[in-house]
């Protein structure tokens, strides 16, 4: 398998006046193309901070992240935004759908931002919503959808640009257990079909066990890597 992402000695220090808090401490790991990986650990262990750095949403204080052919820290802000739009997908505990837009409009948005025509964007969004089982709900707004349906829309939006990697931060945290299992099964199915890699932060050990590999974070350190 080919290396998709390489994280080398990544540290993150937050400074406020003369006080420093080291949130990440020399994190090292690699992610292969098409892998399905969970990151687990207690609250405050650095999981979400690591995900933000891997997604070029924040900068490491020390260390390097290589993604595809890019050294993320060497890119301009505009180039980082382009990489996020074209090669990365994001899913969060809260769906972050735009309330005034329908499901299909929300899913089409990244394509429109990336320069696709409205017709191309709509067709691609409709195809993905059908794939996640929402063909009958695509013209509904988020307020008209259940929690599980909203998260399916968020997953479709994350995948619409056919990213190499999806970063998911507690994607089932607001869902009941049955719906959470359905969302994880959907992510695994889409992973098999598209070859998109998933890196998922979760507190749920049962759901993490469904992944190909589990990374354990503790006090800002990658404590173990179980394949």
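Numbers run from 1 along the shown chain.
Just so you know, glycine gets a Cβ as well, placed from its N, Cα and C.
Marked as domain 'ABC transporter' by Swiss-Prot: 5-227. Sequence annotations record features per position, and here Swiss-Prot assigns ATP binding site to 41, 42, 43, 44, 45, 46, 47, 48.
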Site of maximum Cβ density within 10 Å, from binding-site residues 43, 45, 48: 45
Shell list (ATP; ref centroid = CB of 41, 42, 43, 44, 45, 46, 47, 48; cutoff 8 A): 217
C-beta crowding around residue 47 (ATP binding site), within 10 angstroms: 23
Average model confidence [pLDDT] within the domain 'ABC transporter' (5-227): 86
Number of Cβ atoms other than its own within 10 Å, given for residue 42 (ATP binding site): 10
